[in-house]
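Quick look at what Swiss-Prot annotates:
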- R94, D95, D163: S-adenosyl-L-methionine binding site (BINDING)
Amino acid sequence: MQINISNLDVKNHLDKFIEDRLEYEFCKQDKYLYLENDNLKLHYNNKELFIDFNDSEILNRINPKTKKCSVVQAIEGRSKAKLTILDTTAGLGRDTFTLAARGHTLLTLEKDSYLYLLLKDALQRAQQINYLKEIANRITLINIDSNEYILTTDKSFDCVYVDPMFPPRKKSAKVKQGMQILHQVGFNDEVSNSNLLDNIIQTQISPKAVVKRPINAEFLSNKKPSSQLKGKTNRFDIYSL
């Protein structure tokens, strides 16, 4: 069932700004939101995107018995403190949810309004599940461009996380359908991403920034990090500011 945003109520938490902004856009045939069994989904170019924090992949990531993933290692370092983290690029919300499961408090930004609504719906569903409720409640989600937020907020954070979303390379292996849509819908251009790191440094919003990059990519904004955590296909550039 295709629906207009004016008829959409994601558990009574949609704001009027989003409603007015997207009422027409959600009616496009190649890109629209729809409800299926009370779950909000995105149809885009004959593909479907649905975000669920109760799926097996997420549950495995947040299992205390699972080895800490790279993003957790990069952001926590040797600290055992519970951090306030600004996630500037929410995407599918997996890193955000993983960090919140570690006890950290997240303010998460997503500029794409489709992804924002999918994430909001997913968080609200997680809040209804006993073993996920506490995690979901540590996450605050805002629909805004990251550069705009950083330049206008008076808040500060223990760490800022940046995961620039670039279109996949033509030679890269096929990725999951959800990631394919994310690459097409949620990526920023290189100038915006470079400006983001520059603005983080300029505003002194945090003493630490962590930037996720493809393993062989150049430094964001040509700025050499203080340290790095490398994996097989990507790395985390860590900036002490």
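Just so you know, glycine gets a Cβ as well, placed from its N, Cα and C.
Overlay of Swiss-Prot annotations on the structure.
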residue: R94; record: S-adenosyl-L-methionine binding site; CB count, 10 Å: 20
residue: D95; record: S-adenosyl-L-methionine binding site; CB count, 10 Å: 24
residue: D163; record: S-adenosyl-L-methionine binding site; CB count, 10 Å: 20
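Residues V71, D87, T89, A90, G91, L92, G93, T96, T98, Y161, K212 surround the recorded S-adenosyl-L-methionine site, their Cβ atoms falling within 8 Å of the Cβ centroid of R94, D95, D163, which are themselves excluded. Within the set R94, D95, D163 that the record links to S-adenosyl-L-methionine, no two Cα atoms are more than 12 Å apart, and one pair reaches that distance. In the three-state DSSP classification, D163 (S-adenosyl-L-methionine binding site) falls within coil.
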